[in-house]
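One structure is given below, encoded as structure tokens.
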Amino acid sequence: MTQAVMLQGTASDVGKSVLVAGLCRIFYQDGLRTAPFKSQNMALNSGITPDGKEMGRAQIFQAEAAGIAPDVRMNPVLLKPTSDRKAQVVLMGKVATDMDAVSYHEYKPRLREQILTVYNSLAQEYDVLVLEGAGSPAEINLRDRDIVNMGMAEMAQCPVILVADIDRGGVFASIYGTLALLHDSERARVKGVIINKFRGDVTLLYSGIEQIEALTGVPVLGVMPWLEVDLEDEDGVALQKGKYLRTDKRDIDIAVVQVPHISNFTDFNALAAQPDVRVRYVRHPEELAGADLIILPGSKNTLGDLVWLRESAMAHGVLQAHRQGVPVAGICGGYQMLGDTIIDEVESGLGTLPGLGLLNTVTHFAQDKTTTQVEGQMASALPGWLAAASGLAVRGYEIHMGETTLNAQCQPAMTLRKGENAIADGAVTDDGLVFGTYLHGLFDSDAFTRALVNGLRVRKGLTPLDHAFHYAQYKSQQFDLLADAMRQHIDIEKIYTIMQQHREPV
């Protein structure tokens with residue numbers, strides 16, 4: 001009989017995703033077959049399963065914490081905002097349609113049966129399912145059609161643990177207010193509270209914990225300290241709050257342009273984990289000063305972000321830096337923006353726009369989205385500072401709705417294996433100062449990333465490092481650190497008891 005527990009939050013960005021990953025790691029360490037589940041995820045950070053399905057990055061890294069391959073059933077509904085009012089709806093890993101918020105709210109009840117079927121199929125295969133809610137269960141205006149918080153807990157018949165963020169202040173009010181706004185049947189599902197992101201002397205909380213337990217009748221299962229573990233973030237909230245704003249000095253400085261619709265900024269986690277690299281996310285042209293490499297990231301609204309580049313003067317800043325000899329790279333949408341022309345009759349309604357003109361390429365948007373995991377190797381004779389990366393193996397995934405054609409003065413950056421075919425991907429200029437690719441996750445390829453960083457070191461007159469950095473091993477260590485901290489600060493045995501007392505046949 002499958003056991004399950006669901007983490008819901010008093011608000012967005014309280015740390016649910018990380019704590020779910022931690023529980024997945026703990027149960028995995030304890031020998032239980034464990035899988036994460038989030039019925040509906042809204043995020044621009046997505047990834048691709050081994051069978052070519054698109055799902056949220058949060059559930060992918062939670063699956064990694066559980067020691068299993070990601071499966072689209074772990075995130076059957078993915079919403080990818082394309083503007084402030086509309087989102088692309090991805091169902092079971094494939095694009096279904098675009099909807100505005102009102103239309104989607106009306107549509108949600110039709111998804112309940114499919115979500116429950118998917119959940120039950122996972123429950124047949126795993127000992128424990130760790131569910132994650134979205135935002136807060138106290139969104140009373142959305143309650144009647146909820147499929148991700150208490151609505152999902154009811155479908156799964158599972159207990160709920162409420163996560164509250166003390167770092168933002170008002171933690172006891174947020175706990176009390178959330179519980180007060182729940183219906184009696186919903187409140188009865190909440191079996192514990194975790195206070196997250198605490199800094200300071202925990203004894204100062206004890207009297208408050210006693211009072212909130214008396215007021216609500218719900219026990220506090222633990223107080224998690226603020227942790228310096230390096231794990232992925234689900235969406236752009238962390239960027240907006242400056243989590244990735246690093247001030248420490250490193251040998252190599254990489255500036256990632258933070259376009260308004262940035263997607264898959266997790267591409268750069270492996271770069272930031274390098275011992276000699278500082279990755280900065282920048283929004284103003286003056287912040288490009290001192291960069292050894294400028295990267296244009298992926299985007300869910302490529303032409304909209306291209307317009308922003310020009311209106312914000314960031315385009316001028318990138319072009320000026322390039323004229324001064326600073327290398328420029330682009331990933332997916334960023335690669336498209338580096339070209340001469342983008343022809344879009346699908347995504348934005350903006351038609352045809354000139355790109356930055358740093359690559360002699362033309363991109364045509366298409367209706368069909370490419371979603372696949374791929375492996376390949378860099379071109380055999382890369383020019384300039386990229387030479388050390390020539391011929392190296394790379395792997396990653398593609399998520400894009402465009403095809404890019406290369407013209408004169410640039411060559412393919414790599415060759416990717418797709419089934420029996422070898423397909424050229426990306427582009428690099430003859431001098432090597434500009435390159436782009438559709439390959440997300442490129443920097444997770446350890447040898448390539450070290451060669452790229454060493455190329456930047458040589459340009460600065462620094463000695464290359466022989467440091468062998470293994471990003472997959474590093475991530476595994478971070479999961480273990482998280483699990484250790486949770487075992488120390490949370491009553492994990494109580495969580496086991498909660499699951500055992502409330503497990504129900506699927």
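Here, residue 1 is simply the first one shown, and the rest follow in order.
Placement of Cβ uses the backbone N, Cα and C atoms for every residue, glycine included.
Residues annotated as active site, nucleophile in Swiss-Prot: CYS332. The active site annotation in Swiss-Prot covers HIS440, and the record cites sequence analysis as its basis. Residues annotated as domain 'GATase cobBQ-type' in Swiss-Prot, with sequence analysis given as evidence: 251-448.
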How big is the gap, in Å, between the Cα of HIS440 (active site) and that of CYS332 (active site, nucleophile), rounded to a whole number?
-> 7
What is the total of other Cβ atoms whose distance to the Cβ of CYS332 (active site, nucleophile) is within 10 Å?
-> 24
Measure from the Cβ of the residue listed as 'active site' and count the other Cβ atoms within 10 Å, all protein chains considered.
-> 27
On average, residues of the domain 'GATase cobBQ-type' (251-448) score a pLDDT of 94
Please state whether DSSP places the residue listed as 'active site, nucleophile' in a helix, a strand or coil.
-> coil
Let me know the DSSP-derived helix, strand or coil state of HIS440 (active site), please.
-> strand
